[in-house]
Amino acid sequence: MNKKILFLGVGGIGVSALAIAAKRLGAHVAGYDSVANKLTAKLEALGIVIFTSPNGVDVANFDIVVYSSAILSSHPLLSQARSLGIQCLQRAMFLSVLMKDFSYSIAITGTHGKTTTSSVLATLLCQLDKYSSFIVGGVVKYADSNIQVNGTDKLVIEADESDASFLFLSPQVVIITNIDLDHMATYNNSYQTLLENFTDFVSKESVKSIYLCVDDQGCRDLLAKYNQSDKNVTSYGFSIDADVQIYDYHIIDEITHFKIRYKGDDLSFKLQLPGRYNVQNATACIIACLDLGFKYEDIRNALIKVTGVARRFDLYTKVISGHQVTVIDDYGHHPVEVANSISAVRDRYPNKKIIHVFQPHRYTRNRDLIKDWPKALSLADQLILLPTYSADEQIIKGAESQDIVKGLSGYLLADGFDHAIYFLEKLANENTVILIQGAGDVTNLVEILSE
């Protein structure tokens, strides 16, 4: 990749990964972000020049400008690049360009679990094939990074459906974890439009193999809608009609055990990640690796080393009011993700009381899923509900935190982190496990607990 590329919004995890990948593939790279952070410091340590002011950036010196969704079209650097006729590419559009440098790419998409599934497959392939690479939307714990370029053989990517940008991508393999109602403004609040976009994605000429979880109704709807016979379509899940069925799921000493029935063979696996949903995610990756020709024993040995992705069921032990308490930090922010996480906590800690500290994320999500929240938020033994993290949205009347628990009783409404800690100090002991959850800044509560 012999190009000079300027990355705008390079302090974000997605664009920073592309900048690193481009540099390792031979491009001359520079970046801009209005605020320096740990990611920009990492880029500078790799020899990438970082600008924090538009002043001094010679846009005319670049062949391509790549920008994140956080960069407005009116941004002076982007406007200048366009006026100069420089090629300007949104993040996913540039990823599609980058993919051409690799001989084989696998895209993971879906409403929930795509980052975790991407991290599982990335961890497996980096052990099974030293020339495999990945670019995903979270920090893969195995590599302590969201990006690794080891060669140009196989590339694992996370394909984002939230803004329909996955339609820019042309992979050879697609894994779909599920199709659910979220980010529906992208799809004009139409489930059929959402399905049509997924259909368009898997119908691309480049796609040869598709893996779908048939435990999910959205994936079943896609299968019913999809009628092309020129691709290898494999369904997986606990369902008895799955092409690859999962069974014998159980936990021993906090290790997840399960089996799959693959082409007539019964194969057993162990996984450090908790919950049925992570078994589903792992199964998709296992099948993809088996179909690529990797040996069962090698996959089995690699899978037990998978530790997932940062902020997905991260485990800590904290001293709270003199008690040693297990605390889990999790990114889940949709009713389905909340329900899955609480189920996983129950499976792993069947004899402990679950205290769920939840920070809703976006008023629009509260509003759009208002009927689904009460059931999901009733599943723990005790709910502590924080104010909604706005993500720069305006408050929507009838869609605040107290509105998503209408009909529930016994929950505690905290007005902030200090108030939540006050409740935790009263409630927590060795017989409790605390699940701190949300996509906003609630992860900071984990750090505060240790102070």
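From the backbone N, Cα and C atoms, a Cβ is placed for every residue, glycine too.
Quick look at what Swiss-Prot lists:
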BINDING   G110, T111, H112, G113, K114, T115, T116  ATP binding site
Site of maximum Cβ density within 10 Å, from binding-site residues H112, K114: K114
Cβ atoms near T115 (ATP binding site) (within 10 Å, other residues, all chains): 26
Which same-chain residues, if any, lie at least 6 apart from G113 (ATP binding site) yet have Cβ under 8 Å of it: T177, N178, Y277, N278, Q280, N281
Densest Cβ neighbourhood among T111, T116 (binding-site residues), 10 Å radius: T116
Coarse DSSP state, helix versus strand versus coil, of K114 (ATP binding site): helix
Cβ-Cβ neighbours of G110 (ATP binding site) (radius 10 Å): 26
Cβ within 8 Å of the mean position of the Cβ atoms of G110, T111, H112, G113, K114, T115, T116: remaining residues of the chain near ATP: I108, T109, T117, T177, N178, N281
